[in-house]
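See below for the structure under consideration.
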Ligand SMILES: *[C@@H]1O[C@H](CO)[C@@H](O)[C@H](O)[C@H]1NC(C)=O
Ligand SMILES: *[C@@H]1O[C@H](CO)[C@@H](O)[C@H](O)[C@H]1NC(C)=O
Ligand SMILES: [Zn+2]
Ligand SMILES: [Zn+2]
């Protein structure tokens with residue numbers, strides 16, 4: 001069935017919902033039956049379409065700022081739906097618009113990039129690009145946002161404002177979200193929602209929390225230089241291996257002795273490179289690692305202490321150290337802090353779409369998300385979307401070469417995206433009207 005036939009079918013289904021919905025809701029715009037969005041998203045017209053998109057993207061994974069074919073596919077699908085868009089934004093990004101084109105504006109975000117790793121899952125739609133893989137689910141995120149776009153386009157006449165679809169590049173440590181914000185396309189947008197698939201939360205469930213959800217993260221690399229020489233005559237050398245070893249031990253004392261134990265932080269040295277022979281002291285050693293925190297203040301503090309400890313401890317051993325935080329290449333991601341005001345809104349919408357018992361609270365996670373950059377610019381809310389069906393299989397962690405998507409989760413993500421945006425416009429629009437009404441009364 002082509003898209004227009006589907007739209008007709010949609011309105012037939014949709015009109016059947018109308019009486020039920022009108023009786024069960026007290027809000028004035030009752031033409032957005034969000035409690036039926038999940039059924040709409042499970043309809044093969046949406047579901048199969050999303051699965052096909054997700055598999056195509058999975059087969060052709062593209063790294064940060066190289067998502068050219070992914071971006072092209074997204075634009076082709078938006079053209080198919082008759083949705084106008086801006087492109088390019090932040091190199092490969094695409095920003096779509098559904099609704100009146102006027103305020104209020106609400107944004108939905110999907111990330112597009114893959115990872116530099118080899119897929120080890122053997123299946124028909126395995127990555128066809130050696131050494132690259134969608135191992136974080138961003139292929140599914142794109143498919144779900146397009147699914148939501150399809151649902152929302154069918155209801156466009158009912159939207160009292162504009163839904164802004166954000167397909168962003170480079171989530172994996174290259175600050176794509178920041179580039180999207182800097183491009184100015186989110187100016188005048190009142191709120192932004194995002195989701196991330198999760199491997200050990202049940203299918204049909206979501207989890208999130210108000211406040212800090214994912215850690216902020218930074219990276220560091222240091223070159224510790226001494227003076228190489230014969231391993232048997234250390235007095236003629238300045239040993240950078242010993243200096244680097246003490247640097248690493250001292251780095252581990254920052255969190256244990258200086259941070260508030262109730263303010264979770266991590267410093268990990270994950271890289272140590274130096275020397276190549278059994279009997280030669282090398283000229284220098286390179287170490288590198290990452291740090292994680294839950295506030296911007298702790299991020300700044302930790303960054304500055306890491307630098308002091310590396311240079312200071314290297315000096316104790318007569319070595320010089322240069323420290324780089326790789327902010328250009330790797331990004332410095334702020335903590336992901338969910339807007340408190342949107343938390344209750346999310347719980348109520350997710351409860352209507354999935355059932356209240358499917359909406360879970362969760363503890364913060366030390367991983368990070370560049371969604372944080374949106375939240376620095378405007379109220380934002382991100383949640384985890386469950387994929388696990390233990391009767392089928394246990395799923396692997398993201399960034400594992402065995403990572404898999406349970407495609408049955410796609411309709412849940414699409415329905416939630418659509419419901420969060422549609423209902424937000426209705427409620428925000430009403431708020432604005434009330435405020436305007438009052439203003440006029442006072443005049
Ligand atoms: C935001 O609104 C202002 C005032 O209406 C307008 O001038 C500006 O172009 C808008 N920005 C975007 C990105 O739409
Ligand atoms: C450290 O830097 C100083 C100043 O540039 C230099 O004189 C010294 O030789 C360096 N030491 C090592 C071990 O590289
Ligand atoms: Zn990832
Ligand atoms: Zn991810």
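These residue numbers are counts, starting from 1, taken along the chain as shown.
Even glycines carry a Cβ here, placed using N, Cα and C.
Keep in mind that TrEMBL annotations are predicted by a computer and have not been checked by a curator.
Going by TrEMBL, these are the annotated features:
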SIGNAL    1-24  signal peptide
BINDING   136, 138, 172, 196, 399  Mn(2+) binding site
DOMAIN    216-312  domain 'Peptidase M20 dimerisation'
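Feature map: TrEMBL annotations on the structure.
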| residue | record | Cβ neighbours (10 Å) |
| --- | --- | --- |
| 136 | Mn(2+) binding site | 21 |
| 138 | Mn(2+) binding site | 27 |
| 172 | Mn(2+) binding site | 21 |
| 196 | Mn(2+) binding site | 25 |
| 399 | Mn(2+) binding site | 13 |
DSSP state at residue 138 (Mn(2+) binding site), helix/strand/coil: helix
Cβ under 6 Å from ligand 3: qualifying binding-site residues of 136, 138, 172, 196: 136, 172
Assigned conformation of residue 196 (Mn(2+) binding site) - DSSP reduced to three states: strand
Output field, Mn(2+) shell: CB within 8 Å of site CB centroid, site 136, 138, 172, 196, 399 dropped: 111, 113, 115, 135, 137, 171, 398
Per-state residue totals over the domain 'Peptidase M20 dimerisation' (216-312) - DSSP helix, strand, coil: 39 helix, 35 strand, 23 coil
